[in-house]
């Protein structure tokens, strides 16, 4: 009886592996296909799309086209700057507001929390007409700051929501001790609380980063100029212009994917831990 | 007792205005209000105005934009088309993405081998890719010019089923929905996996003592316990889907071809706002469409908060 049950479990587990492996292959296959074909000659791309490049079919012409024609280093820098600056602002302002909301009791506290939470559910994109007018009147169109401000506003609601959950777990004894020692409220926040919620900040950073880095809508509308194009928009435009040059398209795609893949392999543990936080087992 | 009361009174009197609360709150509230809330309100207001075609002066027109949107055949047909497409897009996500996400999460929580981490990393990976990459990768793969998908389908014996999926009106929207499912399957998988992990061992042990194991244990106990998570995933999917734009734009262009068969509310908003080949942009009509989208999303969120979330019993775990 016991043996047959164990065997049944073994079979079930094997089945689970087969299904999971299938899904994993489906998830990875398209990206792998782009990466290997970006390294091949045009002929090989069409004749043997599923084969790895060999010494005969290896050809980096796509990459040289991209690097010569496109402003990719600039786009990359723009994306990096916009994402980085937005993240800093989201984390700083978000943590400060979360601290105020979870630490102090004041009139309208709950209402303020609800007001900030509104933005979690309502996409900022719907205010585009108003945002564009605002950016035009303040002369911020085609600057990095237009994007940074929009992304900060977009990221704050979720950041405040997640961070205030964590803030309330910080022991109040510690904060009282700090107050007795004469620390100001600012030093309590910056020196006692912030270091303790670093893991939560990492979670928020990862969550906020993905949609900012990948956004196409706001760069297209607020900052389409050559000097402010982000990598996402730049790749989109490039692919449109070079639609018949398969080597160049595949190389552009590969260049857009590689930084994400590197970051993901480095931070996948934090990311997954953040997503599954709460389930500490 | 008296002393205590004295202390309380004096404390209440002495309490000065706490500037630091204001300082902590101000930056977030200002940025959020200026960049998100006011422009949203401005968009709502803008939808009641229209530019005169002759004098170019902008004047208040009341509900005229909405009347045009809902009753003028020139507007209402594409609008209803995109609304219907959007509902279909959402339906495919609910029927394919979320059940498969639950299945993967359930299998992950079952497997006890180190490979589990790799599966999670692999299946979550597409979620991180930009729509530009996702759109073009699939466009290239499904393109009849590049024989990849045809070749693959031939190798499993269904080569005759191959169609230029993105180029045919009948299949384009379904194909795009499935591409979007491919991209975002990682989110329901992760959230449900976390919810499954947080079910306490005692509950599972108690079930096993009562002889509830395997598949019936999953449906009778675990699935019930993770219903709140499924509710959250559904509302996240809803908001994301009714706001979708990027994938359609990158694969099919702003005209949401073929013949508008993949037009969603997001793409019609973009076209109206920015104009298209034959028609100049109309920010006021765009604002009206954005307002309608706002109320659709708000209705969805309200239904979730007041009906679904209340009905779902949260079990203290």
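Easy rule for this one: first residue shown is 1, then count along the chain.
Glycine residues also receive a Cβ, built from the backbone N, Cα and C atoms like all the rest.
Feature annotation from TrEMBL assigns transmembrane segment to B:21-41, B:88-111, B:118-138, B:172-196, B:223-245, B:285-307. Look at TrEMBL and you will find B:83-306 tagged as domain 'ABC transmembrane type-1'.
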Top Cβ-contact partner of the transmembrane segment (B:223-245) among B:21-41, B:88-111, B:118-138 (pairs under 8 Å): B:88-111
Ranked first among B:88-111, B:118-138, B:285-307 for CB pairs under 8 angstroms with the transmembrane segment (B:172-196): B:88-111
Beyond the flanks of the transmembrane segment (B:118-138) by 6 or more, those residues with Cβ under 8 Å of it: 104, 108, 111, 166, 179, 182-187, 189-190, 193, 246-247, 249-251
